[in-house]
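Student: As listed in TrEMBL for this protein:
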- 1-152: domain 'Ferritin-like diiron' (DOMAIN)
- E53, H56, E101, Q134: Fe cation binding site (BINDING)
Amino acid sequence: MKQELFQSNADRVPQAYFSLFYFPFSLQAAYFSRPSVGLAGFGKFFRKAADEEVEHARKFTEFVNRRGGVVTLKHIMPTPESTPQSFTSVKQAIALAIDKEIEVGRKIHTMHMVAGENKDSEAQNFLDPFLTEQVESISKLRSMAARMELCDSAIFLMDQELR
């Protein structure tokens, strides 16, 4: 029973990673890497974030497979509302990234709670590092947002740091 309950949520996680993270972060990377935008450091930051999310989806897929589940990936296309093709500012992109991290963190937390309710310690142990990483990612992004509020040159300086 516990495997089925976890499975019902976990088999959708790789798809969620692609739609919630990979596409938005890849679009952000492409946008900031454009010569007309000129923020290659932010482009590199978001490219790395997108690559990390692909790795997370792979880990979930392997975990579900080890437990006898089946992961199905459907054609997913984010909506323009959830994933803009361009940004009015770096602050907007960081705010979107924070929102995405919080959203996925909630989904993982829900899975962790379901696993706990069903005494599925294997699933909880698997999810623990993901929860920790969500907290760290949100903290880093919030710190970046706060630094941008301090002064107008913060974006340029942060872009240089991220290169």
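Every residue number used here counts from 1 along the chain in the order it is shown.
From the backbone N, Cα and C atoms, a Cβ is placed for every residue, glycine too.
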Student: Over the span of the domain 'Ferritin-like diiron' (1-152), how high is the average pLDDT in this prediction?
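Tutor: Here the predicted model's pLDDT, averaged over the domain 'Ferritin-like diiron' (1-152), is 83.
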Student: Inside 10 Å of the Cβ of Q134 (Fe cation binding site), count up the other Cβ atoms and send me the figure.
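Tutor: Q134 (Fe cation binding site) is surrounded by 19 other Cβ atoms within 10 Å.
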